[in-house]
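Report on the following structure.
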DNA sequence: TGGATACGTAGAATTTTTCTCAGGAGCAAG
DNA sequence: CTTGCTCCTGAGAAAAATTCTACGTATCCA
């Protein structure tokens, strides 16, 4: 992994190492804010901008991706294997879901996309499973107070 | 349509009407900012907060949805029929794509999601087609300067 | 028409993200 | 070793996106 960081022309700094490790060890897709708060005790001098800079650098090196699945802060994912995401409508929690129903190769889907968006060059298909996570379903199971205007 | 607005317990105001009409007439999924700028000439007294309030109200009434498909401002979609979205990695443009490969009923997918996220109550599956739109492919076709860290 | 309620306006406040600039550290060549 | 170059960090400010608050007003239903 260190090799992969350096192979990308990135310098290996303590901040990058800490952020990469924290991200790789957390399947819950933390936000930049969460990463910053978790790492601050260990690296009190690190600034917030460094978290963003580092995440951008890691993303450019294809070591993580940023996810904009729900309103609010972006979440970051160090899992670079193809997979999908389950997103809770209420709390915004994101869980990885393996691509278990994956059958269609891109080449099959592309014509369909191009019929609607002429000239669109398809790179990837992403699936988002919308719903309510177990812990949100447990709290206030009635009342339907889900946030309005959620992405479909 | 007016009936649908009122049926949702919403009052029909000129601002809501203008925003709903603008949204329904634009397949390009405008942002709140774009809506505000387009409507300001016609309604110079309208404030930015009104755009957000109105979009929230429309979304709560299931007359539109907000889309968080890429970093930056949320985009809004008045097309409430089931469909998917093609998103340009470079310019963020969003195009509707009919659900042409839709085969799997939710009940079939749910077990797969639950295997990864125990207790997740699946409501909808959304597909995002990532790629580069025709006009972005035309500009700077080489150079690979796409923004780093884009969502997968 | 009239009254209750919900809405719009404006500005400020919050949150999220990016930018700028001044050091500082690592690396290559001399 | 040291000089020079580049890339990185830190800090704050700035920009962008969204939400909140208060008060006057418009809208709806009867």
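Including glycine, each Cβ sits where the backbone N, Cα and C put it.
According to TrEMBL, the protein carries these features:
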BINDING   A:88, A:91, A:133, A:136  Zn(2+) binding site
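Chain B comes within the C-beta cut-off of under 8 angstroms for the following of the binding-site residues A:91, A:133, A:136: A:133. Under 8 Å, Cβ to Cβ, and six or more positions away along its own chain, residue A:136 (Zn(2+) binding site) finds A:88, A:89, A:90, A:91, A:93. In the three-state DSSP reading, residue A:91 (Zn(2+) binding site) counts as coil. Each of the binding-site residues A:88, A:91, A:133 was scored by the other Cβ atoms within 10 Å of its Cβ; the lowest score goes to A:91. Taken residue by residue with DSSP, residue A:133 (Zn(2+) binding site) is part of neither helix nor strand, so it is coil. Same-chain residues that are not part of A:88, A:91, A:133, A:136 yet have a Cβ within 8 Å of the Cβ center of the Zn(2+) site turn out to be A:89, A:90, A:92, A:93, A:132, A:134, A:135, A:137.
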